[in-house]
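Undergrad: The following feature annotations were taken from TrEMBL:
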DOMAIN    30-319  domain 'Acyltransferase 3'
REGION    1-21  region 'Disordered'
TRANSMEM  38-57  transmembrane segment
TRANSMEM  69-86  transmembrane segment
TRANSMEM  98-118  transmembrane segment
TRANSMEM  130-149  transmembrane segment
TRANSMEM  156-172  transmembrane segment
TRANSMEM  178-196  transmembrane segment
TRANSMEM  208-227  transmembrane segment
TRANSMEM  233-252  transmembrane segment
TRANSMEM  272-293  transmembrane segment
TRANSMEM  299-318  transmembrane segment
């Protein structure tokens, strides 16, 4: 079985070409993998509930409301976790850094966007927006650009970048994907970078007194999101979202490295497999269910969560055992 190194969502199991890096890699922080796995499963749950709309069905309201509880935090958490890995990545020479991110983020983005365009996108491959993040893979493209910004702005204090991104998000048109959402998530990516630069900063999350502040904040924001039908990418709420993320990080640092979290750590280590494959699997399963006469949306949603997750686990295991399968998710540059 191949060993793995720390990586951001979208980065891959280390290939033989990266063996020199493995020796120098610091010990893994298992809690990062645990949280990444949890957030990844929440993304799959979200798509299992809403993709039915692309087949002319109405999402099941209880499952939709459940998803809305996590809407303010889900993607922001993934960005913070990715940002935590920036200092280690920037320690490499710039050329190595860019090649690595191209192979582990841009390459799978382009490969699976091609597959999506061929199988699902109504406008097909010539559709320009498809290649600009117009599919379910937009998160990986955003993440790649943030890593490029981290290299270009490596001499700029992360706090200044956070403030600039927050201001740009605030000034952007409401619900704009490439303005409001982009800069909102950029702020949280660089928040992770800021926390990682000084171990004392992230240690704040370990203060148990944070629970007394964070739990009511998280509960109010989650409930408000469920009532409002989902609150997301609003920089005005960056403080409660940030507090919620610190709470979850603190809990994970204390509790998420045990055996009970091993399944989520596995998902986190292979997040690129789950991100790449879950949506096409869900889309195809819905079509299959309808063709077989199954019209119950709750049943379809359950199938579209359990089956793709199980298949992704099987494919991730196969990837660990067969090195050639890694080319489906990463290019050893």
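Just so it is clear, glycine is given a Cβ too, placed from its N, Cα and C backbone atoms.
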Undergrad: Mean pLDDT over the domain 'Acyltransferase 3' (30-319): what is the value?
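TA: That region's mean pLDDT is 94.
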Undergrad: Any chance the transmembrane segment (38-57) and the transmembrane segment (178-196) are in contact, meaning at least three CB pairs closer than 8 A with a sequence separation of 6+?
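TA: Touching, no - the transmembrane segment (38-57) and the transmembrane segment (178-196) miss the threshold of 3 or more Cβ pairs under 8 Å.
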Undergrad: Hey, which of 98-118, 178-196, 233-252 has the most Cβ-Cβ pairs under 8 Å against the transmembrane segment (208-227)?
TA: 233-252
Undergrad: Cβ pairs under 8 Å only, please: of the recorded stretches 98-118, 130-149, 156-172, 299-318, which one is richest in them relative to the transmembrane segment (233-252)?
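TA: Most Cβ pairs under 8 Å with the transmembrane segment (233-252) come from 156-172.
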Undergrad: Counting only residues 6 or more past its boundaries, what in the same chain has a CB within less than 8 Å of a CB in the transmembrane segment (69-86)?
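TA: Same-chain contacts beyond the flanks: 6-9, 32, 35-36, 39-40, 42-43, 46, 139, 143, 146-147, 150, 184-186, 188-196, 202, 218, 221-223, 225-226, 230-234, 237, 240-241, 244-245, 248-249.
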